[in-house]
Amino acid sequence: MGAVRTPFSLLAERWQPSAAMVRRAAFAALVMSVVIVVTGGAVRLTASGLGCTTWPRCTGDSLTPTPEMGFHGVVEFTNRMLTYVLSAAVGWAILAARCHRPWRHSMTRLGWAQFWLVMSNAVLGGITVLTGLNPYTVAGHMIAAMALVWVALLMWERSKEGDGAPRLSVARPIHQLSYVLVAVVGLLVAAGTLVTGAGHHPGTPTDNKIVPRIPIDYDRLAQFHADFAFISVGLTIAMIFVFAAIKAPQAAKSRTKELLAVLLLQGVLGFIQYFTDAPELMVGLHMLGATLTWIAALRIPLALRVREVEETPIDASAPRTPETATV
């Protein structure tokens, strides 16, 4: 019995994108995953979180905002429409990875992982609206967006590598330490969502008292968030000295310094917004900075291993056993 022919396999017979196109598609998906974080923050900062009063419709009777909903309805609906742009970018990445010869199954899986994360987060965004901007669902919405950034970054980085087994370029304990740094930065971002849930800008106009907030003192949560920032900076500086001592790859050294620079800039933005009553522009820049900090941290362990191109070409129609190597 012959291999099952799917629309994807039929398309792959007629279109074989270059490796450069696969990289561009993966990068486009990564860029859009960052953009959707920033625009989602803009919805909250413009008090447009309930600009559309329900989901998946904008109102009970309309898929789109009505003139009576004004500016807030337009902002919220525009952000919803950007999900389709993000989906298109992810779709391009999936198709490019699937149709490229040889077919790299690992790349296709990363593309589909992004698709399901986008769909899941769209539903979570709808739940956030239906629950009246519950701060815990808002935090979950942000964390899911960061998970999407993680997978999108991984696909882009993998598009520049081969599918051979990963080979560490440093001792395993050093590689593991880089993952500790990633975990701490992840906790830093998560703590930031709690500060958001207890603090300013609930996502609706200031005279609207229906939005619940996390019932923990804002100053205590801000200090908790700052503690993780100090730990992150300390670990990053330690990694810089470790990499210099062991003569780590230049890419790892550069990426660690980039992380330190972003962390310090984030610290400045964080202190400014804390002592100036969280102006919208500062908060928006801080959200963008949080996303870039997450990306910078994730890129460090990826610079500490090498994946060679497999010597034997992969037949696009041949069955293949699942990979067991780590990313």
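Using N, Cα and C of the backbone, Cβ positions are placed for all residues, glycine too.
Here's what TrEMBL has on this protein:
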- 25-47: transmembrane segment (TRANSMEM)
- 81-98: transmembrane segment (TRANSMEM)
- 110-130: transmembrane segment (TRANSMEM)
- 136-156: transmembrane segment (TRANSMEM)
- 177-199: transmembrane segment (TRANSMEM)
- 228-246: transmembrane segment (TRANSMEM)
- 258-275: transmembrane segment (TRANSMEM)
- 281-298: transmembrane segment (TRANSMEM)
In the same chain, residues at least 6 away from the ends of the transmembrane segment (110-130) whose Cβ sits under 8 Å of its Cβ atoms read 29, 33, 40, 49-50, 52-56, 80, 83, 86-87, 90-91, 93-94, 97-98, 137-138, 140-141, 144-145, 147-148, 151-152, 154-155, 158
Other parts of the chain folded back onto the transmembrane segment (228-246), taken as Cβ under 8 Å at six or more residues beyond its ends: 170-171, 174, 177-178, 180-181, 184-185, 187-188, 191, 252-253, 256-257, 259-260, 263-264, 266-267, 270, 297, 300
Is the transmembrane segment (81-98) packed against any residues at least 6 beyond its ends, judged by a Cβ distance under 8 Å, and which are they? 8, 11-12, 17, 21-22, 25-26, 28-29, 31-33, 35-36, 39, 104, 107-108, 110-112, 114-115, 118, 122, 152, 155, 159
Tertiary contacts of the transmembrane segment (136-156) (same chain, 6+ residues out, Cβ under 8 Å): 23, 26-27, 29-30, 33-34, 36-37, 40, 44, 90, 93, 97, 107, 110-111, 113-114, 117-118, 120-121, 124-125, 127-128, 186, 189-190, 193-194, 196-197, 203, 214, 291, 294-295, 298-299, 302, 327
State the non-local partners of the transmembrane segment (258-275) in its own chain: residues 6+ outside its ends, Cβ under 8 Å from one of its Cβ atoms. 181, 185, 222, 225-226, 229, 232-233, 236-237, 240, 282-283, 285-286, 289-290, 292-293, 296-297, 299-300
